[in-house]
Amino acid sequence: MSENGDDASHQLRVSKIHNGTVIDHVRAGQALNVLAILGIDGGDGESVSVGMNVPSDRLARKDIVKVEGRELSQDEVDVLSLIAPDATINIVREYDVVEKHRVERPDAVSGVLSCPNSGCITTADEPVTSRFEVLKDGVRCGYCGTIVREGIADQIDT
Ligand SMILES: [Zn+2]
C-alpha cells in the first residue's frame, strides 16, 4: 500500500481519535463552516482537529474534521450535507471506525437555516420554524420561495 495513498493516510488520521466522529472528504475551504454547523467552539472538553487542503483521491483537495468525544445527530449530518455533499462520516469508538457512511442530502431541513428574505414569515418577530426544501444546487424557503445557492453556511441558524 502506498504511503501516500488516500486509504493509508485516511486510516492513519482516523485512528488518532479515541471516541468521536471524523468527517472526511469535506470540500476544501468548508472545514470552518462544518465547525460552525456543529456549534463547535472547543468548549466542554471537545477536542477538535482540522486538516485543510489535504490531497485526496476523490476530490482534488479536501478538508477533514475530527471531533473527539462526540457523535453527530442526524440533524447535524443533514445540514452538513448541504455544504459538504461528498463528506464521509466515520464514527470512532475505542480507536476503531465502527460506522462509516456518506452523507445523504435530505429532501428538506427544518429549523436550521434562516431565510435571507427579511419579509419572510420565518424572520418575523414571532417567527415560525424555518423550512427549506433541498434542491440540486441550493435550498428553497418553504414559505417565501427564496432560493439560496451560494453562502448556505451563512444562513445557518446558530
Ligand atoms: Zn423565506
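Cβ coordinates come from backbone N, Cα and C, glycine included.
TrEMBL does not curate its annotations; it predicts them automatically.
What TrEMBL lists as domain 'Aspartate carbamoyltransferase regulatory subunit N-terminal' is 12-104. If you look up TrEMBL, you'll see 109-150 marked as domain 'Aspartate carbamoyltransferase regulatory subunit C-terminal'. If you look up TrEMBL, you'll see CYS115, CYS120, CYS141, CYS144 marked as Zn(2+) binding site.
Surrounding the centroid of the Cβ atoms of CYS115, CYS120, CYS141, CYS144, where the record places Zn(2+), the chain contributes additional residues within 8 Å, namely PRO116, ASN117, GLY119, ILE121, THR122, THR123, SER130, GLY142, TYR143, GLY145, THR146. DSSP classifies CYS141 (Zn(2+) binding site) as strand under the three-state reduction. Away from its own ends, the domain 'Aspartate carbamoyltransferase regulatory subunit C-terminal' (109-150) comes close to residues 75, 78-79, 82, 156-157 of its chain (Cβ-Cβ under 8 Å, at least six residues beyond either end).
The highest number of surrounding Cβ atoms within 10 Å, among the binding-site residues CYS141, CYS144, is found at CYS141. For the domain 'Aspartate carbamoyltransferase regulatory subunit N-terminal' (12-104), the DSSP-based tally of helix, strand and coil residues reads 21 helix, 38 strand, 34 coil.
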